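Structure first, commentary second.
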Amino acid sequence: MSTDCCNVCTKTTESPITTTLSDDPTINVELCLSERKWWCFLLSSIFTFILGLVIVLLWRLFAFICCRKEPELSPNDPKQKEQKAIRQGKQEFEGTFVTEAKDWAGELISGQTTTGRILVVLVFILSIASLIIYFIDASSDKVEGCQKWSDNVTQQIDLAFNIFFMVYYFIRFIAASDKLWFMLEMYSFVDYFTIPPSFVSIYLDRTWIGLRFLRALRLMTVPDILQYLNILKTSSSIRLAQLVSIFISVWLTAAGIIHLLENSGDPFEFKNPQHLSYWTCVYFLIVTMSTVGYGDVYCQTILGRTFLVFFLLVGLAIFASCIPEIIDLIGTRPKYGGTLKNERGRRHIVVCGHITYESVSHFLKDFLHEDREDVDVEVVFLHRKEPDLELEGLLKRHYTTVEFFQGTMMNAVDLERVKVHEADACLVLANKYCQDPDAEDAANIMRVISIKNYSDDIRVIIQLMQYHNKAYLLNIPSWDWKQGDDVICLAELKLGFIAQSCLAPGFSTMMANLFAMRSFKTSPDTQAWQNDYLQGTGCEMYTETLSPSFTGMTFPQASELCFTKLKLLLLAIEIKGEDGRDSKISINPRGAKILANTQGFFIAQSADEVKRAWFYCKACHEDIKDETLIKKCKCKNLATFRKGVRAIQLVGRASEVEFPFSEPSGGGSIPGDNGISKEKADALIGLRSHKSNAIPPSALSAANNQVPMKQVNKVKPVVNRAVADNIGYNRPPTATEEPSYAGYHLAYEVKKLMPTNRASAGSGNNVNNNNNLQVGIADDQAKDFDFEKTEMKYDSTGMFHWSPAKNLEDCILDRNQAAMTVLNGHVVVCLFADPDSPLIGLRNLVMPLRASNFHYHELKHVVIVGAVDYIRREWKMLQNLPKISVLNGSPLSRADLRAVNVNLCDMCVILSAKVPSHDDPTLADKEAILASLNIKAMTFDDTIGVLSQEESNLISSRNEIPNAPVGGAPIVLQRRGSVYGANVPMITELVNDSNVQFLDQDDDDDPDTELYLTQPFACGTAFAVSVLDSLMSTTYFNQNALTLIRSLITGGATPELELILAEGAGLRGGYSTVDSLSNRDRCRVGQISLYDGPLAQFGEAGKYGDLFVSALKSYGMLCIGLYRFRDTSSSCDASSKRYVITNPPDDFSLLPTDQVFVLMQFDPGLEYKPNSRVSATAGNGQGQTNGAATAGRGKDDNS
């Protein structure tokens, strides 16, 4: 062998190939390399391919010869059955072996199974590893070398890889349906030219760089593998991966060819090799493909140049097509793609829906407000469009807390990107200015369905435009309001705010400012009224757990302590249910006691102030005068103090057994009273006592002996009318009062529950005296609007007044009928709507005015002035609400407005259901503004509505009657009307905030002024739906805040009622029961004048703090703000406008003209009887007044 090598060496010229010294000194490497063996490696690949091809062709020829189709036989031929049996036997054999082998191999290479995916990924990894070995070997300029295979580590590793590739080749061969085409596949040629040479190198003990660069073509499988691994999901990412893999594969493969040809030289003498490393060839090809061609590297061999000529045709095409498309895909790749990276476990919320600069700026301004506690919550916006430049700038300003992602809530991939399943909540914003509100709601509801489908336990807060679409949301199976899901219905809340303004003008402004986060900043340059108003706008609603020091107190005591000591306004508390799980929010409860860890709802300037309610410790802070010094208690006896509170509670419970009618602290039962709970018995008997006004047990036992508790419903003991100081609206009874029912006009439901022929509680037996009440005979109510003739007067929940359905035609007035009705003290709704306008849900405006905590006679008549064709579409939801009339006319018609006595109304509401135009959004409010200015420009006859002198004296004398209830008295239907339209109480709903500047002609509001700073909004005469934006963040931070706000403004709508309305049948009447009637006992919003009445003493240089304490102690009324004249001077040009002051400080000076916003208790003891005569008894001076105008009574009977 060595002799032959020597002979060859003498015949051949010196090889240009670099030599490698072997470890074996007996082998002369130069002699070894003197004879080129590259053709052995190349022929092994060619022969392997030809051999495989021949085998396949021979197999096909054999199959063609042996399996030729035999001539067809007739069906009846006996050979036919034999052939069929033979074919079936062959099919069974093939089905049991060949087919199973194909299926097995197909599953392995398809990537559809886990094993297949693992195999495909493993093949790719090993291909890349083999390519890396090639890169290592090709980094030098040698293409062939002599080295013992046992010493060549890289060849040993490459052989192991190639054995695996060979096995994979046979698996693919078995799985191939067409073996011939499989032999001609690109990846098959890769195997032909890489696997056999590795075996040849073992025999020859030499290496040839050869065609191993073809392994680079395996890079083309990268997109498929990434799809198997579910990494690439979008079409753009898949296309990008394909282009990049094709370009790199062709580039590296062509570089390998140039490297082989240039380093080998031209055959057959190989005299002109050029020593280039592989990476130099890679550089050379990219420069050449880009048509730059620096000329520093070029091909010297003829084969190299020939290949380059043909390759440039392909390379230029690839470069010219792939590179621009790659750049385009990268450039158009979403800037806001990617995935949310949640750092250090930080909470985040996802906000979607209507994402614009305006909506996002309003949301972030409220969400990230400085008055909140440290908000460590990241806000993630998800929207299908990229943000515009304005929004992008806003996002950059808040880059530490805000992220934006482009995508849609309807795609689970996008939900995964923003980690919805890990989010604290998902908020869906609505477009308040959309053309089609129903379509907007449908889109947002679909987003909620997608979110709930992806993660059913995620908390969702959604804005909806229309109330009737709420039903679709409540019917989603995974929607659960108990888990925090909430819907902010803009139409419901907007009309609810306006409805409360009909009862207490300005209340809408107060509430809107409470749930919006605003900083209180006054200036000496601003007017005094503006500073007072701005101080109130800085107040917000917060929740905090009451400290153990409050445990055992009644709500009035706790509220008084909070106001006087902590400078906080306690509005409501959360009362746990009997089972301890369900809880309800009780607003200004009559006498409920504070339990341990009770949650309180406060009005305060900041979250830090509210913490005083939790820090307050009686032992440490009782003597502190400066509320800012109330910090976290450091006393060591806090734990023992809590134990002492528990002991006091136990002692209190023991004393309640001896004195059974004290206010319960829990849900226990009164001993000896058939298990009636103390709380219910207390609600029934209506006895509310403070410790200072305790009723003697003897009086209580007498009342208990004479009055069966189950038959008495919210009846107050008689008040001693001779004592002028004991004016008793919602006042706890004193020890001198006797539990007698004489002289009261009881509510009808009370009469129904009380036994007939029962003696009045003031006498010991059945005697006929003037105080005896014949129960069960509603003699003085027989004609009161048929109120007593129906068994069902309230809806099924007992929260609202209800009447049998009425036809719209029976409630329509023409102009003459309206003029003859002499409407007074009513609510006029000026409604602009086309017959096909979207429904705004007028029920949400009327229902708060029909709350059951009003007596029937206190309900304000509602007159709707508008197109009857539109109202007919709304009527289905209004037909069960009493006292509604419709005037088919125009709100712009002065004749129609005079016919409904707009100057005598308690409130004129101007609404528009028309869809705003896209062309000019500012024109959306043109009808509302015109109607408002039209009414203000009207003048009215001074004689209309003026009371006679006799009636005036009667009313004046009645104001001196000691028993006149504050704010809850039988109303006097006739009052002096406004002479000028500017004095008509009015509230206008606006779509566009900037249009508020046109409502008042005497204001100097800048068009760029924020809505809450404008005079019409501060005075409560304008309301825009945009103020409800703040409710989204308020609801997120405080789950119960929306429930509290909804309870205040809807008149008592509950989640149970929402589910009933979601059924689509509307309000359903229900028979009155003790439980349903107990729902009437809830507080309501009212307005009390300081000009006269029992609180008039505070109007003259009084302080707000004194008024607060007195009203709370004497009448159970919780004062929450003032409604003051803007101009307190008596100048001739003084305006009659009032503005809202929310929660003034306790040293705030009062004026006689002020009106006070209060949360007043329900008075169960008075029901107005329109047929009662003025009577006065010598014993108590009691009187009842009927100042009603009787004209048009017949119309009221139907309404």
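Just so it is clear, glycine is given a Cβ too, placed from its N, Cα and C backbone atoms.
TrEMBL annotations: computationally assigned, not manually curated.
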Identify the transmembrane segment range according to TrEMBL, selecting from 176-195, 276-295, 896-915.
276-295
For the domain 'RCK N-terminal' (346-488), how many residues does DSSP put in helix, in strand and in coil?
58 helix, 32 strand, 53 coil
Could you pull out which residues elsewhere in the chain have a CB under 8 Å from any CB of the transmembrane segment (307-327), counting only those six or more residues past its ends?
239-240, 243-244, 246-247, 250, 254, 257-258, 261, 285, 288-291, 299
So which residues does the transmembrane segment (38-59) touch in its own chain, when a touch means Cβ under 8 Å and the partner is 6 or more beyond its ends?
143-144, 179-180, 183, 189, 192-193, 195-197, 199-201, 204, 208, 210-211, 264
